[in-house]
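Annotation source TrEMBL lists active site, pros-phosphohistidine intermediate at His117. Under the heading ATP binding site, TrEMBL lists Lys11, Phe59, Arg87, Thr93, Arg104, Asn114. Sequence annotations record features per position, and here TrEMBL assigns domain 'Nucleoside diphosphate kinase-like' to 3-140.
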Amino acid sequence: MANNRTFTMIKPDAFGAGNSGAILKMIEEAGFKIVAMKATKLSPEMAGKFYEVHSERPFYAALCAYMSSGPILPVILEKDNAVEDFRKLIGATNPADAAEGTIRKIFATSIEANAVHGSDSDENAAIEGNFFFSQFERVL
Ligand SMILES: Nc1ncnc2c1ncn2[C@@H]1O[C@H](COP(=O)(O)OP(=O)(O)OP(=O)(O)O)[C@@H](O)[C@H]1O
């Protein structure tokens with residue numbers, strides 16, 4: 001994926017609460033362009049693959065169950081400095097630690113159900129974007 005792109009997904013808590021539109025509005029108002037987006041639902045096995053890097057962590061099983069508990073909205077975004085700027089926009093993993101005005105501060109309910117994902121590097125953005133959109137060569 002181009003270096004000016006990043007990958008996000010709106011997680012089941014935010015999708016289920018009907019907050020997808022408000023979150024996408026914040027993302028666009030922060031200067032990101034939506035390149036690709038689809039609603040889908042992960043099986044526990046697919047959630048396990050997506051979060052494989054965390055397979056040794058104590059929260060892994062709960063995370064996979066949660067991430068497969070309802071629909072999600074994977075999205076590819078474009079902006080200069082996309083990965084870093086998007087991590088700033090979403091805030092800390094735990095909403096209790098997230099800065100005021102960040103997406104997680106506003107919409108997350110817990111450290112697990114934290115509303116959105118944001119890739120942490122260009123390399124992972126490419127891997128994660130490819131996980132959901134491999135059929136669309138032009139967005140990757
Ligand atoms: N201590 C924890 N307890 C429960 N769930 C957790 C915990 N730490 C992280 N998670 C869940 O695992 C996800 C991945 O953890 P990671 O440390 O990569 O956080 P992150 O990089 O802020 O989040 P993401 O990768 O989703 O953008 C978190 O977004 C959260 O949903």
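Placement of Cβ uses the backbone N, Cα and C atoms for every residue, glycine included.
Structural mapping of features recorded in TrEMBL.
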residue: Lys11; record: ATP binding site; DSSP (3 states): coil
residue: Phe59; record: ATP binding site; DSSP (3 states): coil
residue: Arg87; record: ATP binding site; DSSP (3 states): helix
residue: Thr93; record: ATP binding site; DSSP (3 states): coil
residue: Arg104; record: ATP binding site; DSSP (3 states): helix
residue: Asn114; record: ATP binding site; DSSP (3 states): coil
Between Lys11 (ATP binding site) and the residue listed as 'active site, pros-phosphohistidine intermediate', how many Å separate their Cα atoms?
7
Using DSSP, what's the helix, strand and coil tally for the domain 'Nucleoside diphosphate kinase-like' (3-140)?
65 helix, 22 strand, 51 coil
If you measure every Cα to Cα distance among Lys11, Phe59, Arg87, Thr93, Arg104, Asn114, the residues said to bind ATP, what is the biggest one in Å?
21
Can you tell me how far the Cα of Phe59 (ATP binding site) sits from the Cα of the residue listed as 'active site, pros-phosphohistidine intermediate', in Å?
16
Listed in sequence order, residues with CB under 8 A of Thr93 (ATP binding site) and six or more positions away:
Arg104, Ile111, Asn114
Is any of Phe59, Arg87, Thr93, Arg104, Asn114, His117 (recorded positions) within Cβ reach of ligand 1, i.e. under 6 A, and which?
Phe59, Thr93, Asn114, His117
For the domain 'Nucleoside diphosphate kinase-like' (3-140), what's the model's average pLDDT?
96
For Phe59 (ATP binding site), list the number of other Cβ atoms lying within 10 Å of its Cβ atom.
12
If I restrict to non-local contacts, at least six residues apart, and a C-beta distance under 8 angstroms, what lies near His117 (active site, pros-phosphohistidine intermediate) in its own chain?
Phe7, Thr8, Met9, Lys11, Glu128
